[in-house]
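Just below is one structure, and these are the notes that go with it.
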Amino acid sequence: MEQPQLVNSSSVAMSGPDSQSSPPDNEPYNILPLHNLHSAHPCLVYPEVRAVISVLRAVDDLRKPPFVHWLPSMDLLDWLALFFGFQGDNVKNQREHVVLHLANAQMRHSHPADDVRTFGNIVLREFRCQLLENYTTWCCYLGQASNVCVLDSASFGSDVTRRELLYVGLYLLIWGESANLRFMPECICYIFHHMAMELNKILDDYIDEDTGRSWIPSTCGENGFLDLVVKPIYDTINIEVTRSKNGTASYDKWRNYDDFNEYFWSKKCFQNLKWPIDFDSDFTNGRKIGFVEQRTFWNVFRSFDRLWLMLFLFLHVGVILAWEEKKLPWQALDNKDVKVRVLTLFITWSGMRFLHALLEAAMEFSRVSRETSGLGLRMVLKILVAAAWTSGFVTCYTRICVQKNYDKHWSDEANQRVTFFLWLAFLYGLPELVKLLLFFLPGIRLNCKVFDLVSWWFYGDCFIGHGLREGVVDSIKYILFWAVVLGTKFTFSYFLQIKPMISATKELLDSKITEWDWLAIFSVSNKFIVALLWLPVVLIYLADTQIWYSIYSPFVGAVMGLMQQLGEIRNIEHLRYRFQFFAGAIQSNLMPQEETNISCGTSRGKFSEAIHRLKLRCGLRQPFETVESSQVKANKFALIWNEIITTFREEDIISDEEVEQLQLPPNSWEIRVIRWPCFLLGNELLRALFLATDSVDAADNWLWHKICKNEYRRCAVIETYDSVKYLMLHKLIKNNTEEHSILEAFFREIDHSIEIRKFTMTFRTAALLQVHSKLVKLLQLLLKPNKNVKRIVYAVQDLYEMVHYLYRVKRTSHQLREDGLAPKSQTAMARSLFENAVELPDPGNKNFHIQVKRLHTILTTKDPMETSPVNNEARRRLAFFSNSLFMKMPRAPRVEKMIAFSVLTPFNDEDVLYSKETLEAKNKDGVSILYYLQTVYDDEWKNFVQRMRRGRAVTVDFRTTISKDIRLWASYRGQTLARTVRGMMYYYRALQLLALLDSSSETDISVTEEEGIPSARLLCKGHEYGIALMKYTYVVSCQKYWEHKVGGDPRAEEIMDLLKHNEALRIAYVDQVSIGNKEKEYHSVLVKYDRQLRREAEIYRIKLPGPMKLGEGKPENQNHGFVFTRGDAVQTIDMNQDNYFEEALKIRNLLEEFKYHHGIHRPTILGVREHIFTGSVSSVAWFMSAQEMSFVTLAQRLYANLLKIRMHYGHPDVFDKLWFMTRGGLSKASKAINISEDIFAGFNCTLRGGSVTHHEYIQVGKGRDLGLNQISTFETKIACGSGEQILSRDVYRLGQRLDFFRMLSFFHTTTGYFFNTTVIILSVYGFLWGQLYLALSGVENFVLGNNNNSKKALSAVINQELGIQFGLFSTLPAILESSIETGFLEAIWEFLVMQLQLSTVFYTFSMGTRAHFFGRTILHRGTKYRQTGRNFVVQHTSFVENYRLYSRSHFIKAIEFGLILIVYAAYTPSAKITFFYIDMAVTCWLLVFSWMFAPFLFNPSGLDWLNTVNDFDDFMKWIWYRGGVFAKAEQSWERWWYEEHRHLKTTSVWGKLLEIVLNLRFFFFQYGIVYQMGIAGHSKSVSVYLLSWIFIFMAVGIYLTMSYVRDKYGANNHIYVRLAESMVMILGILVIIALREFTAFKYADIFTSLLALIPTGWGLISIGQVFRPLLRHTGLWDSVVSVARFYDILFGVIVMAPVAVLSWMPGFQSMQTRILFNDEFSKGLQISKMATESTHQKNV
């Protein structure tokens, strides 16, 4: 073996702590200062950390790497790096990774932390098993022995621990340096397999036979692993990426990440690739192996053949039964002929199987080779078997029919043939019966070889896709759901779709139509008309399962939400009622309950937990009494609640006054009850006071019973009394004075009367009102900044004088002195009694001021404070947080024992902070973003101003001094990185608070007199920071951070500022280093802000094999940052998300879900509820918010808990980090096919046996797109992504391997939604074109005139389409979810308001977007990542921009539908007055209106007259501007036109052919219209149609001639152009005169001919675009472009004309603005247009 070049140990040694050549102690580190174990870092105080470090350093007698100087400070990871050629910073990164993971695991373990032996045998083995689980499975699948040699711990002792660590360290080092190879988990398994083998040889002192020396790994040497393993594989992938032509090449021409990974699913990888890797093998130049993606709609049938088999079989049987026209379908079965005809369903069944086998072979044929002969054999066998069954059924059925016809009745021979057919059908269906049996009896296991053979026959060879079974109970639940859905669907389809069509079909087939209005070229048989009638019915039949699913799923999801206790606290009023149990809920859920050790997995544990939850919800335990009895619990509750209120104030969603009303004061002044927030107490004291004064003669028991009926009233009375008593005895009146003793005696007598229950008998309750008024006066004096002592003395004296009037039995002065209630001296009675006894506290005593102010609030508040807080967001968050604590959730462990986690955010080029220029820039209406935000968030702006005014003079203009604060305030209301970072750092803050509460005693959180309300940050002692850092890390992967720094982009400085203010934040980016010869090195870098050095500090720098981006950018950016995360879990957070402090408190509970089984699986992804916070920005944002909100709550609740098919739809799901890092990462990154990268993580998770759950007791904020164009771009991206998913191997494998009912759920919740939307739009096409055919042919009355049944079926099609247009897919779920969380009446009101704001138009428009781009993606490719942009939409969008975005997807389609409706109305006068026509017209015209005018209705100032005029001018300039080579689509129509049809260049031959066929419909339109012209003279000759084409060619010839004349003479001899134009005009007039004189020509024929010929011209242009490669080099292509330009002008005029009319008419602009924005902003916008000033700044 060749001796490799060895690595210099210095780079690795630098990473070792306490080494001779180690850097100084201030070397930057990530979380743990492992280079300096003697530092006072709070993480190093934990014995678990030091135990792991000690185990890592136990190198002992291992053979040292040769040719390097071994340092004592080196550890096992250094040893691995020196032998296997890993980078030093990779070692440092994974060392901290291992230490933190094992230390955290040991903290959760029950054994002592310092027991290293136990640590090694248990915790480490669990870690190794989790980390290498996929490797072990892979070895078993390939029949390879694992190279992980596990020794017997009893025999080998510490060697076992060391060996385990070496395997773990080797895998992590491989993974940490594999870069893009991390997307290929089995490739990493292959690398680890061979490197573990080499590791074993080193450990076993193996001697190399070639050299006779000790074994040295093949990758040994500096950067050996990167250069010899990673980079060659990376370069191979890069070559394939180049071949992909940026994803535009056909998928069968190049290999993606999945293709390379699946190479390692076969044993041939060991035979061909070998080790060291042979890069001359077929790995580098091979063909696609695992799957071939083909771009065709047949993928829908191929992947979900069982669904279409079910639908077509029912249609088949339904038509047979309905043909008998019985009332009920089973009545038809009384006829034996019908029964036998039903048997033909087996012919359909086997025929569809045969079709599926042919599709499989056609799409996968390119995979067949000599090495994959088994695949070819399987294809051939499946085709032959399917063909045999089909031919067998056809033959048997033919024999039955022949015999029966021969015998003229059902003879014995015929019956025997029927019996034989039934036996044959039984054998054919037997495999399905076996599947059904195994589905319900999962305990039955087949012989392994039999199972492998069956699996190979049905699914082929595949490493993944096994073990997708769910538990029996879960299976029964989703089966029952689908039974109801399918039962409803089939009942509706039979009675309202299939059966009504039968009579018309029979009548058409039995009759002959003789009267046609044209030459019946397409009507040689009535079957064509039958097909036209059935086409929309069949299309909607195939798609309406989605509709029925969309009806049932919201109701079921809503019921599930109610069962989870969602919406029990919907508002502040409900919170006031339940707040008395709130402290107990916090104590139960947020505080660790060490004494609760009952396992929730047992029946007893579940029952006990249910009882506990019931008591908590209903207040049966009165948990507030528990809190009252424990000072520590009360203080903890107050600390948590007050910290929540503090964050509300920091976010400016409440004011300073509301803070005082909401906060819980510290439990001081010897108050005996919980001191509820003032907003709960409200006017309770005054109510109690009035109750006492009205019940003068009532007994104590009765009065106190009345008061105690309301808990808050009881607490208000007790707190007021205790506060006044403490104020007088301990704060105002000096001790050891006579006055103090008098007051003591007075309060002692009151206490005694209350104790013996004779208060009302001793004192006059009617006098309490006077005491109240005098006490309020005293408190007002105490609250003044400059206190007047003399006036305070007088106020106290006035209070004292009330003593005489309080007693029912009047006492004399002598009696008062004897009872100690008056001074002993008579002279003292004469002077002011308290003149020298009053002593005011120190002015700096904050607590005194807070207590007095609170007492004053309780005494004086007359309203119940039901509107506090005012801000809707604050009210919503409080309601949700309080409600969630009464929901079922796991108990929270101590912070030390919680699962550690990280948050990962990919950041590309978005805003970090809004710049001052961006905020102040004004649009054409003079509106800036800052003004917009000040208006929309009016109360929050006032709160911000109030906060900024603290400590500043009122006259100072704070705008000039706090520009950055204003930028932050605005950025926190947008979708910026600053907002996301602030939200995610709440986790760090929450963990510090929870760690403080876990370890605190009464003295730790007690409050001194001067402190006031305590802050969690002030109470922290230091260890809280350490444990929070160990448990939480936030990594933002900024792939362009290097570019920002080099280019001086202000975002780099803003990111640095975020690092500076957030201790747990880390930034990962890719650095580029020039190394000469125009070559660059790429490094993955992690940085943080070093508070000692006060600058950015580089922590790790790991060299990459090349540029990070090979596929889709976002998943590769995510993968790049993933390697720097820590903990057992990773939460993926996008740039448009936020978090809330109160929700961060529940993260411990959420992470505990990983420990529990949900069904038969433990979760690998924890789905988290989202709140869409952008709904208040505009009506469009509200519609989008409602649609998205129902999806992220109700829909995902149903997917996870009932249908068991929830995927990962993006963020903010929490991943099991170890599970995903060994199975391909958090997403997939192949170019184009994985454009919707997130959902593929869910696909991969399900296929590999993972489980996804959904939890709604915790929520994360999420922003959505705000303007129509942004939303449409987002919808386009999702639709294109779904189109690519249809082609993917993941969808195919899930469609084939999931059980039937989960497959139904999977289809209708992912790609099926978009496919069915497209089919529904196609059904509209089919319906309208079919009706147009009937109208123009003149046979409509014959077909539909007297047949109400056929109209009934077509009406069902129309009404289903209308239901969808009204937003059935989106509105119904939103209504039901809103009814759960806000109440039914509120939800109905929201629905009505949404309709008034034209939500129907929005949802119909969005449906068109999804259908257009989904269909185009499947047919023609053209998928690309679209940056949606999430800025506030206050700028008017030009018509040019709207036309570019929507002309092909909406405008032209709307014009086509409108034209058909007009022509249909013109030529079917008999149908105009029927309900059928009205029904059709309403539905279809609504679609036309929505598709054409939505971009104007939802565009700021979209109906403004000046904007409309300017838009049209800009449109015409854009149309005629030809531009140059570098012109953009935004500048030139021609450039846009070429880009818009670029997909036709890359589409397949079948795609081009289908495009041509679809455009032939315009020629049919011409065919139908020309026969309606007067000049045709009712002729039905084909010459009429041919003459119309002659006129088209003449028009084209004249146009080409005129174009030639203009080009040649337009510049120098313009007179020739004028002459030619005049000749053409004269010729046209002469032709019209001649036609009028010698033919039946009518002037109306001019318009009719235009109606016929213009669509034909558009069809020719569309077909010409398909033939562009042939025409572009001819002179004809320029004419095609010129004519296309005129067509776009025509379309633009058609669209703009109605808009211009509405803009010119008064009132519509105001109405449109009101529809789009809220009242405040609408008024401000109108004022801004009328105002002459140019400024829009609010006075502060």
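Here the Cβ of each residue, glycine as well, is placed from N, Cα and C on the backbone.
Curation plays no part in TrEMBL annotations; they are all automatic predictions.
According to TrEMBL, the feature compositional bias 'Polar residues' maps to 1-24.
Residues annotated as region 'Disordered' in TrEMBL: 1-30.
What TrEMBL lists as domain '1,3-beta-glucan synthase component FKS1-like' is 162-278.
Annotated transmembrane segment per TrEMBL: 307-323 (among others), in sequence order.
Positions annotated as transmembrane segment by TrEMBL: 343-359 (among others).
Taken from TrEMBL, the feature transmembrane segment applies to 420-441 (among others). For the transmembrane segment (420-441), the residues of the chain that approach it from at least six positions outside its boundaries are 343, 346, 349-350, 389, 392-393, 396-397, 400, 469, 472, 475, 1299, judged by C-beta separation under 8 angstroms.
As annotated by TrEMBL, transmembrane segment applies to 453-469 (among others). Below 8 angstroms of C-beta separation, residues 138, 141, 186, 262, 265-266, 290, 374-375, 378, 382, 439, 442, 446, 1160, 1244, 1246-1249, 1293-1294, 1296-1299, 1302 of the same chain, each at least six residues beyond the ends of the transmembrane segment (453-469), sit close to that stretch.
Within its own chain, the transmembrane segment (475-496) is flanked in space by residues 314-315, 318, 321-322, 329, 439-440, 541, 544-545, 548-549, 552, 556, 1202-1204, 1299, 1301-1302, 1304-1305, 1352-1353, 1356, which lie at least six positions past its ends and keep a Cβ under 8 Å from the stretch. Residues or ranges marked as transmembrane segment by TrEMBL: 475-496 (among others).
According to TrEMBL, the transmembrane segment annotation covers 516-541 (among others).
Residues or ranges marked as transmembrane segment by TrEMBL: 547-566 (among others).
For 1313-1336 (among others), the entry in TrEMBL reads transmembrane segment.
Per TrEMBL, the feature transmembrane segment maps to 1474-1498 (among others). Long-range contacts of the transmembrane segment (1474-1498) within its own chain (CB-CB distance under 8 A, at least 6 residues past either end) are made by residues 1179-1180, 1267-1269, 1324, 1327-1328, 1331, 1344, 1351, 1354-1355, 1358-1359, 1361-1362, 1365, 1398, 1400-1402, 1404-1405, 1408, 1437, 1442, 1445-1446, 1450-1451, 1453-1455, 1457-1458, 1461, 1465, 1468, 1695, 1698-1699, 1712, 1715-1716.
Panel annotation: around the transmembrane segment (1549-1570), residues 295-296, 518, 521, 1329, 1332-1333, 1336-1337, 1419-1420, 1463, 1576, 1584-1585, 1587-1588, 1648-1649, 1651-1653, 1655-1656, 1658-1659, 1662-1663, 1666 of the same chain, lying at least six beyond its termini, place a Cβ under 8 Å from a Cβ of the stretch. Marked as transmembrane segment by TrEMBL: 1549-1570 (among others).
Below 8 angstroms of C-beta separation, residues 519, 521, 1566-1567, 1570-1571, 1576, 1620-1621, 1624, 1649, 1652-1653, 1656-1657, 1678-1679, 1682-1683 of the same chain, each at least six residues beyond the ends of the transmembrane segment (1582-1603), sit close to that stretch. Taken from TrEMBL, the feature transmembrane segment applies to 1582-1603 (among others).
Among the features that TrEMBL reports, transmembrane segment is placed at 1615-1635 (among others).
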Region pair the transmembrane segment (343-359) / the transmembrane segment (307-323), three or more CB pairs under 8 Å: yes
Long-range Cβ neighbours of the transmembrane segment (547-566) (under 8 Å; 6 or more residues past either end): 481, 484-485, 488-489, 492, 617, 883, 886-888, 1190, 1193-1195, 1197-1198, 1201-1202, 1256, 1308, 1360, 1363-1364, 1368-1369, 1372-1373, 1375-1377, 1379-1381
Predicted model, mean pLDDT over the domain '1,3-beta-glucan synthase component FKS1-like' (162-278): 88
Folded-back contacts onto the transmembrane segment (1615-1635), same chain, C-beta under 8 angstroms, at least six residues removed: 1575, 1598, 1601-1602, 1605-1606, 1609, 1641, 1646
